[in-house]
There are 2 protein chains.
Amino acid sequence: MDLKEKIIEVKSYLSQYEKLNQALSLIYWDMRTNMPSKAGESRSEVLEYLSGESFKMITSPKIGEFIKDLSQNKSEMNLQERRMLEELERNYNETKKIPKDRYVAFVGVCSNSELAWERAKKENDFEIFKPHLEKVVEFQKEFINYWGYKIDKYDTLLDKYELGLTTNKLDKIFSELKDGIIEILNNLKSSKKTIKRDFLFGNFDTKKQKDLSLLILEKIGFDLSAGRLDESIHPFTTNFGNKDVRLTTNYHEDEFTSALFSTIHEGGHGIYEQNISDNLENTGLQTGSSMAIHESQSRFYENILGRSKEFCSYLLPIAKKYFEDFKAVTLDEFYEAMNYVETSLIRTEADELTYGLHIIIRYEIEKELINGKITVDDLKGLWNKKYKEYLGVEPKNDSEGVLQDTHWSDGSFGYFPSYALGNLYGAQIFHKLLEEKPEVMDEVKNGNLTEITNWLKEKVHVHGAVYTPNELIENITGEDLNPKYFIDYLKNKYYKIYNIK
Amino acid sequence: MDLKEKIIEVKSYLSQYEKLNQALSLIYWDMRTNMPSKAGESRSEVLEYLSGESFKMITSPKIGEFIKDLSQNKSEMNLQERRMLEELERNYNETKKIPKDRYVAFVGVCSNSELAWERAKKENDFEIFKPHLEKVVEFQKEFINYWGYKIDKYDTLLDKYELGLTTNKLDKIFSELKDGIIEILNNLKSSKKTIKRDFLFGNFDTKKQKDLSLLILEKIGFDLSAGRLDESIHPFTTNFGNKDVRLTTNYHEDEFTSALFSTIHEGGHGIYEQNISDNLENTGLQTGSSMAIHESQSRFYENILGRSKEFCSYLLPIAKKYFEDFKAVTLDEFYEAMNYVETSLIRTEADELTYGLHIIIRYEIEKELINGKITVDDLKGLWNKKYKEYLGVEPKNDSEGVLQDTHWSDGSFGYFPSYALGNLYGAQIFHKLLEEKPEVMDEVKNGNLTEITNWLKEKVHVHGAVYTPNELIENITGEDLNPKYFIDYLKNKYYKIYNIK
């Protein structure tokens, strides 16, 4: 059989695997958005069963043969085919190391743990979640033993989301980021500027917030005929192919920005997925380059665009149409309120500047937890201690503290750094965009983001996972990931807002 | 291996089959309620793939062995075990007759056909749907050839929904039903009674309709923590076990009753599914006894209860709270308006009396279509002709004519008679209920349906498919299905409303 035929055979197999995983993702999406409360147990069983089938497919000897056959033809392969083989090999080898019954058990533990987290957050009680989280952490440690590790156990988890990332590399990046943030924060202390933002709090009818969210989504380039916006406790994005991309948000009647920026954030993820090339279907590459690159897009739309003066200038008149409270607000007031800097408790609602500290706290805690230096019992205390130390704030309850994020409930340890790296990637890409198209932000004032989205589509989105994150940032900007761009961006923006010379 | 162990083994296998089918049902539900328009094609592929897997599981040689093993122990089995074996055998043998590739192709054709029907109905154009329907009909005929038939091809389809039902039997039942309806209709013509119902038409905020629907659902006994209410073009009920039962309805801003009675109808299906015993999990019997028995419950809640004077007495003050328009309406006016008899175009909105004629029209058309006496080309003309002849009305467009129902789009030929049989079963069961508990309707005035729902639960719901429809009606009422009870019920109710002596 020649290479072409073999590739067709592999893709045909992968297409079945892909369909099964689309089904799984949809069932999971439904669990988080729609499922009635009594169905948790039976839903977990469905997820376990299908995950087991998915496990069987990707660890099947057939995949081993595909890899062997394709590897013999590497020299004839084009880039996409080589990357397809690489990813297939990685997925096959990593998954095969885990015993199937343990994998399936983990899926069940996670789905119960997520529901327990939802209950715990609602009832403001970490104790409800704790026994579930303990199981999840034990599974993480067990899996790391299967996968193996060189220096730090946590490296194995980082690598899952960002190929080749290690604590060693990340410590340096985060140290530079932390120093930058602290420097800026210290400088802002000398500012006499007062920023009003009382008008962002009040009573904002959720139906109107929803209408506004949908309008803004379409405006930034999300295709609602190939996607949806729903509600869930913790906003997330999932997709089944590039023609059914689903975002969720979470409306708060008492304030204006939370749902809106969650929507724009998830919209950034969604636009990425929708724009990935059809040609990558059934290659395993019809997905983001890495989770940090994914977050670079969501954080880009949320902050660099969404909180820009140009976008505020477009948004304010619309906001005035929806909500009386903005009637007397000027553009400067609106823009400044959107970018008010304050050390605070909730990551997803943190300003752009202090956001990185929230991530660094989680990163430090996860490293210790995964390396067994602390246990789940220590989490709450350590969380509160670090928030006090880094941000000067203390949670009054579990929901605004250790329970605020969903990530640990489904075992996404190692994911949080992606958000901060996303900020760095995003700023570096934005710097390049402005170099190539210095006037590009002007049109944003009219709500026209087409040129920006098209540029991102061409540079980032269409390629899916054909390039690794390192290759992608090098291709676009001509250099490796460099925190300087983000720190410069922060200085530039916030010194201006706070009148720092 | 002894019988007990074998049963455990079979149930364990069936539990996997059940999980796969729950996944399929959920994906299908999502297609009808949530899926973005561009995802139709990829969704069909997911449905095809999983249906193929489901086909493989139920036609596996393993099932053949189970059947052989269990059959040797029939004498030791209890009723539930025997029925489990019977249903397994039936499912296995029927499915095995169809080649897998044809089964999978049919699933794909149906999912595309359903989406085409939605478009066609929206755009009011039968031509959009016609080529899809032609394929569906061809598949039906092909499948009948695999399954075989004795006298009439259509018998094979009837038997799918109502075990043992034939056109021969049904012709007699429907002839008696038709005569009864015509007799009553003729008598009503002499009535001088005028019934106002203008207050049922106007402007009814759909958000309020939704709140009211949810309130009424809970009142009649549907558990919203084990189910949901959503929207779709054609209302339907689906479920994934008995703890996740999903209803849909369809709100019309310009009138009051359509969504409400759709909700109560689907609520009847939903209550049945929620009440089926947990013990029947993974036996293949955790489902209704037949589709006609299922419809007996939905039509019972919708009409016998929902359109009773007692229920109207409960509903009217609530309706007044939601909608100003009802302020001056008296109970008699409300009750009579709810039961206004008029030959009309839309089955789901037809009154209880003329409803049967809508079914008989569909039954007659389906028989001819399946037996090749007419083609899809003839459908529209024949539909309009029969509506003129039986009901004296003519559709002005396809949406209120041949396109009104979704059933043909997914190949549910043979289903429609279930609705009319449901009315007959329902009235016969109601007659028995009143014999046993003559005062039972009194509490309905207070919105208390507990005693009725508990009685139905004990007599019908908990048993799932342990009894065949014939056994069930015999167990409950001591006799076979008898149309007389429904005709008597109609005479009694409508002669009173229309002052016929």
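Cβ from N, Cα, C; glycine included.
Positions annotated as coiled coil by TrEMBL: B:67-98. Long-range neighbours of the coiled coil (B:67-98) within the same chain, counting only residues 6 or more positions beyond its ends whose Cβ lies under 8 Å from a Cβ of the stretch, are 1, 3, 6-7, 10, 14, 55, 58-59, 143, 146-148, 279-280, 283-285, 465-467.
Non-local contacts of B:Glu295 (Zn(2+) binding site) by the CB criterion (under 8 A, 6+ apart in sequence, same chain) comprise B:Ser418, B:Tyr419, B:Leu421, B:Gly422, B:Asn423, B:Tyr425, B:Gly426. Summarising the annotation, TrEMBL assigns Zn(2+) binding site to B:His265, B:His269, B:Glu295.
Counted within 10 Å of its Cβ, the other Cβ atoms near B:Glu266 (active site, proton donor/acceptor) come to 26, all protein chains included. In the three-state DSSP scheme, B:Glu266 (active site, proton donor/acceptor) is classed as helix. Per TrEMBL, the feature active site, proton donor/acceptor maps to B:Glu266.
Summarising the environment of B:His269 (Zn(2+) binding site), the number of other Cβ atoms within 10 Å of its Cβ, over all protein chains shown, is 26. Cβ-based neighbour count (10 Å, all protein chains) for B:His265 (Zn(2+) binding site) stands at 25. What surrounds the Zn(2+) site, by Cβ distance within 8 Å of the Cβ centroid and not counting B:His265, B:His269, B:Glu295, is the set B:Thr237, B:Glu266, B:Gly268, B:His294, B:Gln297, B:Ser298, B:Arg299, B:Tyr301, B:Glu302, B:Gly422 from the same chain. Secondary structure from DSSP puts B:Glu295 (Zn(2+) binding site) in a helix.
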